[in-house]
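Feature list (source: Swiss-Prot):
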TRANSMEM  8-28  transmembrane segment
TRANSMEM  32-52  transmembrane segment
TRANSMEM  66-86  transmembrane segment
TRANSMEM  94-114  transmembrane segment
TRANSMEM  158-178  transmembrane segment
DOMAIN    200-288  domain 'RCK C-terminal 1'
DOMAIN    292-373  domain 'RCK C-terminal 2'
TRANSMEM  383-403  transmembrane segment
TRANSMEM  406-426  transmembrane segment
TRANSMEM  451-471  transmembrane segment
TRANSMEM  475-495  transmembrane segment
TRANSMEM  540-560  transmembrane segment
């Protein structure tokens, strides 16, 4: 039996789509030295090659892919998006604006200089910034621009071509820049990170190990009674001195949870909760009494929960003001915009931040109710909210504003982005509304992006050979300029205008470029995870600004002559 693969793929759009995705994802696993190609470029390369053989896909699949992707970008940005505008994130907002704005202006200038059309120019901007949101925003705006069919088809093909030719240039140049730019400035990144650590009482170890608290029990002996000197637990400040707290006391056979007025007496049996190293450092006065192995005394339910910051008495407060340890709870992690932050007593909490807290189940529940809510332990997505806000986003995208002879519409990209932000923001404020497990959100976002990349590659593949011959050299030069010059401008602005700490500044610059591989290099150079503070500060807002940049470049292009 003979199987004509070409006819089989051309006759089945779904099969073709998943063949492209499978081959592209395999290609994306390849590494060039320390650089991995990545899923996006793998799928794009495979789709361009198959596009040269005149394979094509239904445009509805392409549109659905980009819609899912941009909506999920908004959902991820939502919890922290508004805090960037309304509080101490103004420096991060300004850095993101400088990075995206300078790249947009430079791309427009180079596009006019080389005589390109809007498709090549917008594609070059998206590729050089390694930003699929730019590509998505520009593509959607082009489709709603009113161009005649043939001109629109050429612009969309050139959009994909420009992106494909400059993506690797943008990625490699930024990674090289992240490795060497810190060495070209006068301040050592490791020293800058240590300075922040000293000022804020941070652990600078990027690979800090997290342990669960353990419980051990001791019988109070004469040494411990002498050590307490008749003071109650509040006056002693047990946690400050030992790193452990007394969870239970058995006295005369009666088991009780002590309050701050309790005074230890000879023969008491006490249950201490703390990290393993805190137990190891206990004063000998504790260990001189006999260790007790009592099931009832040691029977505590130690849990670890993810607590979402929501309530007004926690939002805007510093981490130290929560006094978690005074309530018998231990903080393991602080996560903002899916980025793990250093545990810093001076970190100001934003609505939607996630604190991973360990301790007795009752105490953790109490602290969670005080600062927000415990994240739902469910793998069930609120599909009703997801679909409803998706519809709202599409309807917002249909709105058109008319000014004399000029009309302006938000388009699907901006509408879905806004609706996604609102869903993410509302989820951060209402624990039972709009829940989407992070794994599900990441899967939908990644799948939507891959479908979109497959579609644009197949549609642009037929013209890539001509494009490479005519504009390959120009694209290389333009890609390097748009990738690196905004980074230098952003550095100068942050270092000499905003006067930011260099470790935070370089982290924020990589966040403004939404480039995780470059961020890892900055953290390695600083030998600290402190740059993650800056990365998280700009990441959410940069994703939104990059999408808008794709829309803006298409809108302003006709007016430049």
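Positions of Cβ are set from backbone N, Cα and C atoms, glycine also.
A mean pLDDT of 77 is what the model gives for the domain 'RCK C-terminal 1' (200-288). By number of Cβ pairs under 8 Å, the transmembrane segment (540-560) is matched best by 94-114 from the list 8-28, 94-114, 158-178, 383-403, 475-495. When each of the listed stretches 8-28, 94-114, 475-495 is scored by C-beta pairs under 8 angstroms to the transmembrane segment (158-178), 475-495 comes out highest. Long-range Cβ contacts of the transmembrane segment (8-28) within its own chain (Cβ-Cβ under 8 Å, at least 6 residues beyond either end) map to 36-47, 50, 55-58, 61, 450-451, 453-454, 457-458. Broken down by DSSP into helix, strand and coil, the domain 'RCK C-terminal 2' (292-373) contains 22 helix, 31 strand, 29 coil.
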